[in-house]
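These notes are about the structure you will find just below.
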Amino acid sequence: MEARSRALDANAAREAELDAEEMQNAALVGAGDDDFADADEVGEEGEGDEEFHLPTAEEREEEKKSGGPDIHTVQRRMRECVRVMGSFKRLAAKGRSRSEYVQQLISDIASYYGYNEFLAEKLFQLFPVAEAIEFFEANEVSRPVTIRTNTLRTRRRDLAQALINRGVNLESIGKWTNVGLQVFESSVPIGATPEYLAGHYMLQAASSFLPVIALSPQPGERVLDMASAPGGKTTHMAALMENTGVVFANDVNKARTKSLTANVHRLGCKNVVVCSYDGREFPKVMGGFDRVLLDAPCSGTGIISKDTGVKTNKTERDFTLLSHLQKQLILCAIDSVSPDSKTGGYLVYSTCSVTVDENEAVVDYALRKRPNVKLVDTGLEFGRPGYTNYRGKVFNEKVSLTRRFYPHVHNMDGFYVAKFKVEKRVKTKPRDEDSGPVVSTSGEAIDADDLKFNNDEDMRYIEEARRKAMKAKGLRVTTRRKPVEAGPTVVEATA
């Protein structure tokens, strides 16, 4: 035991040294101009480090052919690029442009963290330089294990006490949810305890609580979850509705509805109907819902820590196709909401992606295509506002009401949430006599009699049109008659 204790102390000391080194590196990355000025005063040689050289495009190609630089060189180069870009005018090498530093940094990020260069650049453009490094670093760390208390079976306090008695170390996630618990360590498999099998809780990422909280379904309502498997959000909605009303849980993949059905039964949700349709068919299948939740299929750029395959298997074509599918789904989701609902008329759109193509661009498209919807506050107390302009694209100013969540800021999966209010469509009614006077563009009232057709006055135009049509057919037309006395035109067939 004593030897084991010494080994643990030694490990703790090593980890403390590593933490201190990381803090120093972070301080170097985030240092301000004053720190750099002090460093410049020491002299050109500094502490004996080699002078930083930014490789040219040809040198980068040669590096790739030779197998790439070692990891320490890449780390140092990334730190130097971030430092230079923090005060570019003073620290940049003569004759080198900012875009060269950006390209070098993106190339190093791709090789260091294992991304393809297309995705590395796409994610890098979302943040300031120093924050981009934090984002990529956060994707290398697993998110905390979280569970959601099933209030249909138990209370959070009772569940927490039962799990603590089994050797689970946990605490509440935060003030923004009253059903979430974060698990730090456990002496038993958290997905196989008697409480789990009895349906007292659901293993669920903290970010997937957010769209249900934003939707806020009420007891007795008719709700649709368009892409529901494996059922975390569906069962959460059923619990909030206290097993009243009805929740239609839909998923296009029939195989995934098996796990969905199993979770619905395990958690004791009695108001859930499971179905399998393509979400784009839903307005034709059924509609008139008080609230709709669309957790759209996406690229998964917010959950890279869970699915590292996203780093290399996403191309520009994938984002184009996904964005097109999301635009189709969101329009069908809007059309499935009943604007006449007395308690609802809301749609929540969410993705586990951080790219603008799948989030703000889709929301802005829906606002343009459906004039009867408007964005409303999500009701979430935290999260960053959505982009209203991004790399030359300008979106509706109300897009700032949507919310973005990042792993390096909120310690949860990258996520996006937008909430719409669907209102009645305004139709133009046919004019009748009791509808009031017609007003011209100048604001003057126009007599209704002036708007009626005068058959006698129009007869000569009709007669002229007939004559032209007959001439076009090669028929000989008789002499014109007076317009008022005009009768059937007499024609003679020509040879």
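Positions of Cβ are set from backbone N, Cα and C atoms, glycine also.
According to TrEMBL, the feature region 'Disordered' maps to 1-20, 34-73, 472-495. Feature annotation from TrEMBL assigns compositional bias 'Basic and acidic residues' to 1-17, 51-67. Residues or ranges marked as compositional bias 'Acidic residues' by TrEMBL: 34-50. The domain 'SAM-dependent MTase RsmB/NOP-type' annotation in TrEMBL covers 135-423. The S-adenosyl-L-methionine binding site annotation in TrEMBL covers A227, S228, A229, P230, G231, G232, K233, D251, D278, D295. The feature active site, nucleophile is assigned by TrEMBL to C352. According to TrEMBL, the compositional bias 'Basic residues' annotation covers 472-481.
The helix, strand and coil residue counts that DSSP assigns across the compositional bias 'Basic and acidic residues' (51-67) are 9 helix, 0 strand, 8 coil.
With a threshold of 8 Å between CB atoms, the same-chain residues lying at least 6 positions outside the compositional bias 'Basic and acidic residues' (51-67) that come near it are 44, 76-77, 80-81, 84, 93, 96, 100-101, 103-104, 107. Cα to Cα, A227 (S-adenosyl-L-methionine binding site) and C352 (active site, nucleophile) are separated by 13 Å. The distance from the Cα of A229 (S-adenosyl-L-methionine binding site) to the Cα of the residue listed as 'active site, nucleophile' comes to 14 Å. When averaged over the domain 'SAM-dependent MTase RsmB/NOP-type' (135-423), pLDDT in the model lands at 92.
Taking only the Cα positions, the spacing between D278 (S-adenosyl-L-methionine binding site) and C352 (active site, nucleophile) is 20 angstrom.
Cβ-based neighbour count (10 Å, all protein chains) for D278 (S-adenosyl-L-methionine binding site) stands at 13. Counting in whole angstrom, the residue listed as 'active site, nucleophile' lies 16 from G231 (S-adenosyl-L-methionine binding site) by their C-alpha atoms.
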